[in-house]
Structures are given as C-alpha cells and as structure tokens.
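Here's the structure we're looking at; comments come further down.
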C-alpha cells in the first residue's frame, strides 16, 4: 500500500486540526479534487485509487506516532488522546468518473475534524498510482543528478551561508520511496542548509524538524465560521493566536490577495506573528510590500521571517535570498521541484475546500488560476467585500 501511516502527511494538517478540535468541532465541510494538467487520463486507475483509499481508511495512529506528536511543543495532550481514537471515515469520500474524458471526480464531505486529514494522502495516492502505471521505469539517475545540481547551487556558494530550504512536496511526490530518498539525501549533504520537511512521518523517521503552520482551508472555513465575512481573516488570525499563544506564528497572506491581507494585518498582528508566507503572485513585489508594511507599523523587519513556498525552484529561491539578505529572515519551502523532478511533467492536482457549514468558501489569491469556487455569485460577493477587482 502507498500510505502505511497516518503521519505520512503535512504538519500543518495537525496544527489546523487541533484548532478545529478546540474551536470548531461541529463544522461540516466539503472538499473537491481538481487536476489542472490538461489531457490526463486517470480513469483506467480508478479501482487502484479506490483500493488505496480503502486501505488508508483502515489506518490508526500507533503508540510511537502518538508519542512523537505529543513531543511537539505546540501539540496538546487532549488532541493526542483524540488522535488515539481517530481513523479516516470511508463513508465521507466519494471517488468516481468526472465530466470530462479521462477525468476522475473525488469529493470529501463530512465533519471537518474527521475529514481534514484526507487531502494530502489522497493526492499522494493519485500521483503515485498514475506514475507507477505511466512511468514504469523512472530515470532515477536523472533525478539524483538534478538533486545534486540543485544542492550544489547552495553548497558551492559561500555567500549563501545562511540559506535555509525545507522540503514541502508530499502531495505531488513521484512516489513515497523517492520522497524518502530526497529527505535523507538533503539531510546528509546539506547540513544546516536543510531546515526540515513538512512531512511528519519523514521528520520522525529521519530526526529532522517538521515544518508548517496554517493552510488556505483554515482561512477559507472562517468565511463561514466567523462573525461576518469582512472580518473573517482577522477572526482566523485571532483564533490562531488564541490557540497557539505566539507559537506557529507564520500567517498565510494570499487567501484574499495581498491588499486585503495588509489591511487586516495591523500593528497588533505585525508584532504578534513571526512573519508571513507567500504562496501566489510576484514574490519580490510581495516581499517588498511586506517589509514596507512592517516599517509603517514601527516593526523592525529584521526580526521577522518571510516564507516563500509558491512553485519554487532553487535558482528562484536563491534570487529571493539575495534580494532580502540582511533585511529580514527568509525561509523557503520547495515541493514539486524536489519530490517530482525526474524529467517528466508532474501532475498539477489539488484538493480544495469548497463549502463549510453549507455555504460556499473560496480563495481569491494573487494568482487568478488558483481560485477554486463552485458558486460564481459568492465569488463576486467575496471580491466586493474585500475590495478586490472583478475577475
């Protein structure tokens, strides 16, 4: 089986899940899968995908896994107790044929607390099933050579002594074995340049730092859970701060675009949060705007961290590191370019929350193609409320 541990997912799923347990235990949500890569035929593999998801739903956390989660400073004991009883409910996931030729349809609907852990392993399953059928003889040597070239861009440049990169590629990895090789190789060869991984299982197994804070779904759900739509981003950040009391302090900035984020990210949040994460739009413009915003709020940017994670490559990350050197702390999360770069085109697949408590939710990011919503009227209303230009 592809997924053999419920820890084989990204850390931010657990940090969000703990907030859901403590603040929104009754929330009901719906997620929908989408493949953005044209011309991909996944239908021949439907039965394989269903079998893998069935096996996923039989998994439980082991005692060793629960102890590891409990050792993380921000994970509370009642959450670990809850996870000791947890399994993914198979009745909440539906897998079938999509509307377009070759397309598959995957939806997840049910309690947020019980369905939040579906997304990452399901995407990893779709990826691995597809590639093990279409790339039966992967060019491992090509992949290893590409990885070495990337690492040496950093290792061979003394000016990049402070460069830190994390592996963020669970959902779009070529395979779990290749994923593990990437993490073990980076740990062995990059030393302090390797900040860690978003994958909790690999962090535990290789004794590296698990990394992650919040994802888009958290801020999207707060559109339905907060007091009113206009205040939903502030509400989400305040609930996060109430839960973590200053820990896990990287705010996600692109659910409503940078303009709306800066309007809401006032002096209080500037001081309270450690920094922000970029995930769409021009990263250089975004970084400069954020630094200016900190200065305008009388906060020294040198004490803050800018995290870049949008479709990053090593050359792009190095360029960003040079631009912001000495002006703030920077960190980089590289996903697909690490875990699925063996010389073929990776799949652009996502699984996004589309409803919470019966109402539509959406991300209106700085990259229009990333917007995913099944209700155009709601999307138009969201743009109006957050003073965003029409699509």
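The backbone N, Cα and C atoms fix where each Cβ goes, and this holds for glycine too.
The structure displayed is predicted, hence computed values, not measured ones.
Record features, source Swiss-Prot:
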MOD_RES   216  phosphohistidine
The residue listed as 'phosphohistidine': secondary structure state under DSSP, collapsed to three categories: helix
Surrounding CB atoms that lie within 10 Å of the CB of the residue listed as 'phosphohistidine', all protein chains: 21
